[in-house]
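A.B. asks: Once you've had a glance at the structure underneath, I'll fire off some questions.
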């Protein structure tokens, strides 16, 4: 039987050309797999037809938007995943889902190899290949751009020589990856990190500097899952989509940063993730009210490690699984509502309410109704400070002088 | 010799009354100590005279604004100290400085006891008393409000009975603590956490929703210290003051949160810290460019612990000292400039440049000039993912099925 | 209805006297509760009768040895819980179990208050009272020794005056707490930390310095649970008991340390925990073989926090629950056997085997059969070191000299 | 000018052959560098002559034993560096020192390349190459064994063909790396992890199971540095050497483990490090007495990261430098003496004394002289447990039932 290669297929020039190219280079049949994670653009059926027209023996397309929202974006929301305190892991979340579909297709169609179109200096090659090794250690990976020094110029030439049904003339100055959780943009002039982004790089968000009326939104969570917006029930996908629209209209979620890549270099990245940032803001606010202090403190350590792992391509690792268990436990009481004002690039919480609140008015108030027994504080303060006090006495004793 | 008590004196009603009251209760002479940490308000000389008029045997006033900026705010800036990812430790930073002055006065004037005006349900009692124990374990602490159930009503009565030179009629609905690093506000209607703050609670910042022209600022750091703004040299104090004015004009640094207090309860707090937030933003951005990845990752763990310690009143603890050494080391190369736009409640970095940059255009660019050897990636990816791959093979082997 | 107090009852002098004393002091009826956690000593029925003879209205006794082994010792084993890298949390584990029984009795018999016999300078008062607050926040706690300055001399006098059926003459110089997981000893001469322990303080272990024949044992774990010893199936309780005997015969598990107490002081403690240390050793060894590297590394952070929490009396806290979820996940593949030699105070692993092993002979061997592709290493090494290399270039550039 | 290669030279067969081989393969002149880190064996002068006889243009030998002890072993001691809680980083410590000498020689003799004899599946290749990149990013690295598939058989053939002055006949079944801090052994039969080590693999330690008289030793530290043994002053090197002899005589410091290598595999390793383990034990014990609780707790996190970094070849990284600052600060008061019994494979602390002790007899004792105010405990306990109590009330409220 002829060997088969599953190709992560986008419908664009590079991977369309890749179908024939890989077949020629490897002698294998190519199965194209395209997954909709909310990146928008062309119809899946159109993509499927183009893959076949370009020579694929099979073309699999999947609408994975709900799967992506529920199984990838939601864990990231609950983990409060912000790489370097800012980046909500847009591309890093879609890669493992795509890997799952690639591996599924490889098994279904008897392929021995998986191919992807990533370069050798980015994070995505790691996310694809480590993911594939972790789901199907027997599969081989190839990355034509990296391994065979595939260039865009060669791709255009190939498409024209073979008369492939793909547009080759127009070239965006932007390198873009997008899905429902957000959008990443790289481009030449941003490689000078003193340059500011221009409005033209953004598509999910409007200019936050332009005056417009604020929007007010109430998000309801149950056990850490956003379930309603302004009182109407939503799925996770709908929650992101609605907030992409509403928060995007106010320029929320624009990020411009110098980022530490896994491969050891720093790179300039511009992102926009209006829905993600709005949801993360609301969720964090509700956690402030419903999560106990020590759990909240250690949760930061867990969130950081979770985020690093996912950024670093280790979605399917044993540690990620154990951290997921921790996060799931932490969400038990994250139930309630947060009211936010969306305006001028910011989602600002202005109110929170929850039946599972740990905020106790009686203990907090300084007015009538105060139930806090202040007499307990004296003993607490003295024992709390006792180690420092003993250390201070030691320092005086040892040095012979006061500190 | 008559016993002496050093009192942390603000010049306000409570502590003015406290002078006579403590003298009566304890039979001791009272030494009043007032420290200017940039809280504004009355002239120090006026405060000094009032203390004496209220019966203090000595009244010490100190302009500690530069000391506060350089020895307390700067370490917090370098540690990227944000409690619960948001609160820049405004009050928590001034307490240890005040403690230092109280202890100094106690030694100078031969006092055995230090008194402060904190209640028994807040963090500040802990910060005062643990600090005093750590600097002078032999001193005793008293907190009349907490220990003798001192109330405002009694204070007014006392002031009127004794004809003290202090205003007793006007009562602000707000309980405020402020210094040059920021301002904290508590008030009755905010104790309902569903209520939004009103404009009236703010003093350091203007409404970010009002349209105005953006301001652009360039901050220069040397070894983690802000040394120039828009090209003119500044001290740390001047840097904070200038950015308080400029960032405050755009409503930057307003915070509204439910906070985990050390004494075990959650409380609603509203803060404004325009200069602090603008400086923290610029510093974080410069660190992205100049701090190596592994150091940056572990720095988050160190920052969190530093922040918890300082929030929790352990400024003078041995662990704080060791963490300071770590942070100092991390600042060696944090030198360069960050350009920010101040507008609509946000300080947004738009450019960064540094002779100590770790961003390497040659390694990062996808255009001509690329020096990154993509051939190295394949080996990296495979060994990076090897533990996950071996774990996956094990899972298949053990379960007899694919994962 | 008369108020009722549930008393944690040991059967000894202090708590026997406590029954009548508490009744007199509070006017309440006393319900005595005694729990067998493997501390040995008297028969439970005898204890029950003494409680009634001393005036208890109800006396509840419970054999909780299996419950203790399975629900308290096992989680500690799986968490690799060693406080200060050494102490396997002997007393800290039994307190939450006793709390559970006290709270159960309080509900069953309609008590409003729980009493325990701890002093005010130890950890156990915290473990009892915080546990009770966490299971039944409506219950009140009293600690006669601490709150009413109850002393041993008064207790003897009371027992003699009231002719209670309890021995008052013999007094051990040792203060002991023991259960099946281990034994803690404090005594006057050990309070000088330069003094070595003498043989007389030990009861679970024989002198490791005496020559005897080594013992070899094979422990089998399934999913982190010890299920067989030398091929015969055991319950968790039996596993501890058998290893207490066999490891104790070789002097394994003696600990002599200066310990950081929660109340802020350092204290000298001597422990012996032969079964616990033998099981922890075997379990750690099996984890080395079956747990993936990143998971193993982060597990240390989780173990440390878990251990601190339990030591600090926070067994029933939300964070403990979330950490338990993490640990449970980490145990999925901890299945296999470890062979140890027990001798001279040490349990030394000499062999391990597991169907779930991650040790891959083919990848590890340097002999024939090597399947590791060394060609991958070059790329890995270079990208692994790239951040350090870039940082070094920066240091050269900035300083103008080599580092 | 002819290109030059600096070769890490051991004096053994592989690297002796390497001199000529590298010259032939690369056309460069070879500079041999041998460093004495306490590995024993041949005289340095003899090694120098052999290098020249084998064709090196220059041969540099250095007695770096004190440098190694003071600048590499001491930081590891102070960091309490035990990889996977057990392995004191024997080889991982010597690599960066050797790197420093290689880089120094490269600069002195104008070499452009550094060569080492490591394979492609171990950790040492990483430690060498990452170290070299970090000290001299402009140098190239080659690893003939890995990059040119150099084998032992080819080496013997080459030595015989060229009549090199090196023994080729006897072949040890053991692969050994040793220095004054310890000794690592790998060998074929240990690759079956169910096999126990045999006595023959050990050289630094005698069989701990053989009866002999215990030895008692007192180690004095000043600021974390061991400065005297049994009252006589020692250098760091002497401290290790003396304890290697005395602890080795009692079989202390044998380690047999399955280890997580940086390259992603698990391997079986046997180590012996009598002096290191004895010093680490004494140092840890003194830290228990002199280091404040919070510092001690966070120190574990720092130690773990320090150890991982050094194991992983990142000695010269910015994070390592910052962690060193932390550790240095933590050692300020680690001054005093620890008495240990050396016997039967164990170094057991039996006494500790220190002018800088934080152990306070008055606070710790239960006898006469107790200065601890137990009245403080009640308030402490209640506020300590307040978050758990509030969480418990919430759980009851939300679930409608008791937990």
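Cβ from N, Cα, C; glycine included.
Straight out of TrEMBL:
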- D:4-165: domain 'Arginosuccinate synthase-like N-terminal' (DOMAIN)
- D:8, D:9, D:10, D:11, D:12, D:13, D:14, D:15, D:16, D:117: ATP binding site (BINDING)
- D:87, D:123, D:127, D:175, D:259, D:271: L-citrulline binding site (BINDING)
- D:119, D:123, D:124: L-aspartate binding site (BINDING)
- D:174-390: domain 'Arginosuccinate synthase C-terminal' (DOMAIN)
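Help me understand the surroundings of these features in the structure.
C.D. replies: According to its DSSP assignment, residue D:10 (ATP binding site) is coil. Around residue D:10 (ATP binding site), a 10 Å sphere centred on its CB holds 19 further CB atoms from the protein chains shown.
Neighbour list (residue D:271 (L-citrulline binding site), Cβ cut-off 8 Å, at least 6 residues apart, same chain): D:87, D:88, D:90, D:182, D:183, D:184, D:185, D:253, D:254, D:255, D:256, D:257.
In the three-state DSSP scheme, residue D:119 (L-aspartate binding site) is classed as coil.
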A.B. asks: Which are the residues of the chain, D:119, D:123, D:124 excluded, whose CB is within 8 A of where the CB atoms of the L-aspartate site average out, their centroid?
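C.D. replies: Going along the sequence, the neighbours come out as D:118, D:121, D:122, D:125, D:126, D:127.
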A.B. asks: As a test of reading the model: what is the averaged pLDDT for the domain 'Arginosuccinate synthase-like N-terminal' (D:4-165)?
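C.D. replies: Here the mean pLDDT over the domain 'Arginosuccinate synthase-like N-terminal' (D:4-165) amounts to 94.
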A.B. asks: I'd like the number of other C-beta atoms within 10 A of the C-beta of residue D:119 (L-aspartate binding site), please.
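C.D. replies: The answer is 17 other Cβ atoms.
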A.B. asks: Between residue D:8 (ATP binding site) and residue D:259 (L-citrulline binding site), what C-alpha distance do you get in Å?
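C.D. replies: Cα to Cα, residue D:8 (ATP binding site) and residue D:259 (L-citrulline binding site) are separated by 26 Å.
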A.B. asks: Compare the C-alpha of residue D:127 (L-citrulline binding site) with the C-alpha of each of the binding-site residues D:10, D:12, D:14, D:16, D:119, and give the closest one.
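C.D. replies: It is D:119, whose Cα lies nearest.
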A.B. asks: Which of the three DSSP states, helix, strand or coil, fits residue D:124 (L-aspartate binding site)?
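C.D. replies: Its secondary structure by DSSP: helix.
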A.B. asks: Would you kindly give the Cα-Cα distance separating residue D:119 (L-aspartate binding site) and residue D:14 (ATP binding site), rounded to the nearest Å?
C.D. replies: 12
A.B. asks: Indicate the candidate from D:16, D:123, D:175 with the smallest number of other Cβ atoms within 10 Å of its Cβ, considering only these binding-site residues.
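C.D. replies: Each of the binding-site residues D:16, D:123, D:175 was scored by Cβ atoms within 10 Å; lowest is D:175.
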A.B. asks: Which residues, same chain and not among D:8, D:9, D:10, D:11, D:12, D:13, D:14, D:15, D:16, D:117, have a CB within 8 angstroms of the centroid of the CB atoms at the recorded ATP site?
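C.D. replies: Residues close to the ATP site, other than D:8, D:9, D:10, D:11, D:12, D:13, D:14, D:15, D:16, D:117: D:17, D:18.
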A.B. asks: Measure between the Cα atoms of every pair in D:8, D:9, D:10, D:11, D:12, D:13, D:14, D:15, D:16, D:117, the residues the record assigns to ATP, and report the largest value in Å, rounded to a whole number.
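C.D. replies: So the binding residues stretch over 13 Å, Cα to Cα.
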A.B. asks: May I ask which of the binding-site residues D:119, D:124, D:259 is closest to residue D:16 (ATP binding site) if we compare their C-alpha atoms?
C.D. replies: D:119
A.B. asks: With Cβ-Cβ distance below 8 Å and at least 6 positions apart along the chain, what are the contacts of residue D:259 (L-citrulline binding site)? List them in sequence order.
C.D. replies: D:83, D:84, D:87, D:266, D:267, D:268, D:269
